[in-house]
Ligand code: PHE
């Protein structure tokens, strides 16, 4: 075998044995690079006799072309194999079922608004809303808070800058101004539930500057305190999803109701766990959940109604507060921290719409 035949065999073997593009390039450099073996033979042509140089030059060119062709062919084969491997690895089985746990969650505040609206909706209340930025008159004066009366200080009000006429708008401190708006717009009988944002300058474990309330208002010609009690007891049974709810109506004061009461719910705090409906084992306690009362005659008058004809009751309940009690959420500030881990834990599945028949919070 001539020297070139041996070289050809060795170079072709190296090209065809290259397992990847990197090894193939090394084989190319070894054959055709500046210091490659074929190039080395080319360099020796200059020192040869003309006849021999001609023959050797032709042979070297043929060999060079053959090796370059072999490299191209090997390269194409390796690239095809790499593509096949990638396609096999990235294969998607489109027949697999969709992921069973959706990432999105319903916020406990939205869930609570849905639950409470479903319960009062079932009792014949319609849902009404009002503006977050209120006049001082709707938020206080019409609700029987006299000008300069200390009761206005009870509510840590956020005031807006005074207008040209000296009056100041407020961020509503409660949902009660929607009582006034509704009585001014709508003739009795009235039966409304008002969910909405409210604002007070306060910040600790159980208070945030923005929070949510539910206002209830019933006005007709015969509603009395007994109806108020029955309505709230029925609500608590449905909302907390237990039959043996115990409520304590404790005399209290609000300028816009007379008589007024705050309602406490009996709970059990055994072993640091808060539960409703496990009473009588010495770990009973009371937790305040709402304020209520019969609508004050002055409020009815301010809204154009005759107190000798019309009467009714109102209540106001903290949304975060009842959500915290029902779902065991320890810190009210966490509602507004936008922490996805908190949402994954306390949030609700989007398609579980609360209804009385289908279940409120399962
Ligand atoms: N508005 C009262 C509050 O925010 C609650 C309330 C509403 C009390 C209706 C009585 C009647 O504290």
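Start at 1 and count along the chain as shown; that gives each residue its number.
Note: Cβ is positioned from N, Cα and C throughout, glycine not excepted.
Here TrEMBL flags 124-350 as domain 'Aminoacyl-transfer RNA synthetases class-II family profile'.
Listed in sequence order, the residues of the same chain lying 6 or more apart from residue 258 (Mg(2+) binding site) and placing their CB within less than 8 Å of its CB are 293, 294, 296, 297. Under the heading Mg(2+) binding site, TrEMBL lists 258.
Taken as a whole, the domain 'Aminoacyl-transfer RNA synthetases class-II family profile' (124-350) shows an average pLDDT of 91 in this prediction.
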